[in-house]
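**Q** After the structure tokens below, expect a handful of questions from me.
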Amino acid sequence: MNDRADFVVPDITTRKNVGLSHDANDFTLPQPLDRYSAEDHATWATLYQRQCKLLPGRACDEFMEGLERLEVDADRVPDFNKLNQKLMAATGWKIVAVPGLIPDDVFFEHLANRRFPVTWWLREPHQLDYLQEPDVFHDLFGHVPLLINPVFADYLEAYGKGGVKAKALGALPMLARLYWYTVEFGLINTPAGMRIYGAGILSSKSESIYCLDSASPNRVGFDLMRIMNTRYRIDTFQKTYFVIDSFKQLFDATAPDFAPLYLQLADAQPWGAGDVAPDDLVLNAGDRQGWADTEDV
């Protein structure tokens, strides 16, 4: 999701999409399978194998089950059409290829109709450990396996429908924070301990370790209003992770009309990314070691 008012297409997106065209309305395009080089497939295999070695015991069971049920290719960039056969049969979702970041209204419309936009291109070998823009590994490996879980699938559809309303109400920054702290960087309590479900973590080797093992970040119980009023970081590891108890809790929290909540928060001073609020359910208070002093989003 892009929550910037000044939507700008990153240079790498422009370069990767030379010679391709997308639909002017929904930004989709046929997945250009012939564009993937042997180097691309090798890069995918490296990323996939690295995360699959690391994530057992760290990722939530629902993610690992989804990865297995979808039979995501380990040695090459997957064919979206083949994945869609299994995904649509499970929850009615499908993935659609897009050139990169897309405008918010288009993004919300896709989610509201059970279509998940996946950037078609892959990062380059020197970008294995960091890429600011989402690529096919982040979008597909990180996000798509959980779409086979019916409760999470319903949550993401509801989020898309809420996004259309939020944009009309000028409340997009609040809803963007909810996406960031759940879909991208969420943790979940399980009987076996705290686990990862956020795609931004699941697709990152270093943050998969940091979010659970480091003493630096705060880990705080899920609170909808708190999250929608909390800034975040896009350039470093997160200072705070919000922890849900179940995907049902996440879905139930988004069921009410958000319009009154937006009004309540309209004049509220947002919490900083590393702040601990008086009413927080603090599971782990971070020691703040290594935190960058630059501004939050």
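Cβ coordinates come from backbone N, Cα and C, glycine included.
Since the structure is predicted, the reported quantities are computational estimates derived from the model, not experimental observations.
So Swiss-Prot says this about it:
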- H138, H143, E184: Fe cation binding site (BINDING)
**Q** Starting from the Cβ centroid of H138, H143, E184, which together make up the recorded Fe cation site, report each further residue of the same chain whose Cβ lies within 8 Å of that point, ordered by sequence.
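**A** Going along the sequence, the neighbours appear as P134, D139, G142, V183, G198, A199, G200, L202, S203.
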**Q** Tell me the Cβ neighbour count for H138 (Fe cation binding site), meaning other Cβ atoms within 10 Å of its Cβ, over all protein chains shown.
**A** 22
**Q** Using Cβ-Cβ distances, find the residues under 8 Å from H143 (Fe cation binding site) that belong to the same chain and are at least 6 apart in sequence, listing them in sequence order.
**A** F116, V118, V183, A199
**Q** Quick check: in three-state DSSP terms, what is H138 (Fe cation binding site)?
**A** helix
